[in-house]
Amino acid sequence: MTSYTDKGEKHARGRFLSFHHLTFWVGNAKQAASFYCDKFGFEPCAYKGLETGSRDVVSHAIKQDKIIFVFQSPLNPGNQEMGQHMIKHGDGVKDVAFQVEDCDFLFQKAKDHGAVVVREPWIEEDEGGKVKYAVLQTYGDTTHTLLEYLGPYRGVFLPGYKEPLFRDPLLPTLPSGCLSFIDHIVGNQPDNEMVPIVEWYQKCLLFHRFWSVDDKQIHTEYSSLRSIVVTNYEETIKMPINEPAAGKKKSQIQEYVDYYGSAGVQHIALNTSNIIKAVKNLKSRGIEFLSAPDTYYEELRKKLKTAKITVKEDLNVLQELKILVDYDDKGYLLQIFTKPMQDRPTLFLEVIQRYNHFGFGAGNFKSLFEAIETDQDARGNLTIYAANGEHQVL
């Protein structure tokens, strides 16, 4: 595991502030938004569709504290772009939007360094105010929207959006999701494509390396991965980039790439200030989490006896809820991962709480991999690499 201190070049003007929102392209935006509200504690915050004058695409925006997800679906049969995207990828994250200062400058800098432009800067406005956007291509079919508020914005979400048409009376009766903000967003790459993507972020967005692990550190009996985390100068946006490494069997990173059809967003980590309450509440709402074996907690108890930090939470409760712990000499983190959010074994979510710890759970990767491999095996996807490069199921 490596942590980096060199922040590299700072933008002469403008800066990346934070994650703003995520856009999912899905087959049925209304149902997808309702699922995340019911299961994770989001609430509808804005809508754009036929009733608001949007004739081609419907958008349902949902919010929990500082987290905003937007679910979009095509309204007409002829939408080839969205239709082909869903045939190839299934439901998934299409766009990761960053709030920025000086969109024009950051966009031009990225363009000058070779970034593929999806859409040049443009402005949208309504009675709430003005917002400037630009869109760049990143890994796979995923994009980044640069979003700049041109003065205070007083609308419900962004120009063109209106109040939700319906507020489900079920939602106020359910326990809080206790989720606060996007901690990090992980992108999975095919083999040998991690470093070029990391270099794209460094060159085009002036992000820098923050943390990394290689396959010598992250492996199970069967599979392994490499990961490099990139971040903006202010270190408010964290983007781990993963790739599979050669192993005896297909890794869960390769399984993702096979089923998604390309590189894409593997998981979204949501930060909480009370993971025990969050996990209890999310389980009661019907969220399925991966399960760590009891041997993990037996080993953890042994290791913590000689650790320089003290875990405040009751280890028996963490074990009961299957929450994982990672630590160093200065602090620790608590994390847990959901099962995939759709039938394809692609996107899943993470819930994470940090105590002066800025890593990404390297100490838990082996346990996480083994838990995923159990499910992978049940799907018939824990396959052996054959000499001809094909996969064989035992």
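Here the Cβ of each residue, glycine as well, is placed from N, Cα and C on the backbone.
Among Glu51, Glu81, Glu101, Glu350, only Glu350 appears in Swiss-Prot as part of the Fe cation site alongside His184, His267. The Fe cation site is defined by His184, His267, Glu350, and by the 8 Å test on Cβ atoms against their centroid, the other residues of the chain that qualify are Asp183, Ile185, Val186, Pro240, Gln266, Ile268, Ala269, Leu270, Phe337, Leu349, Ile352. The Cβ of His184 has fewer other Cβ atoms within 10 Å than any other of the binding-site residues His184, His267.
This prediction places the mean pLDDT of the domain 'VOC 1' (18-149) at 98. Break the domain 'VOC 1' (18-149) down by DSSP state and the numbers are 35 helix, 66 strand, 31 coil. Long-range Cβ proximity for Glu350 (Fe cation binding site), meaning a same-chain Cβ under 8 A and a gap of 6 or more residues, is found for Asp183, His267, Ile268, Ala269, Leu270, Gln335, Ile336, Phe337, Thr338.
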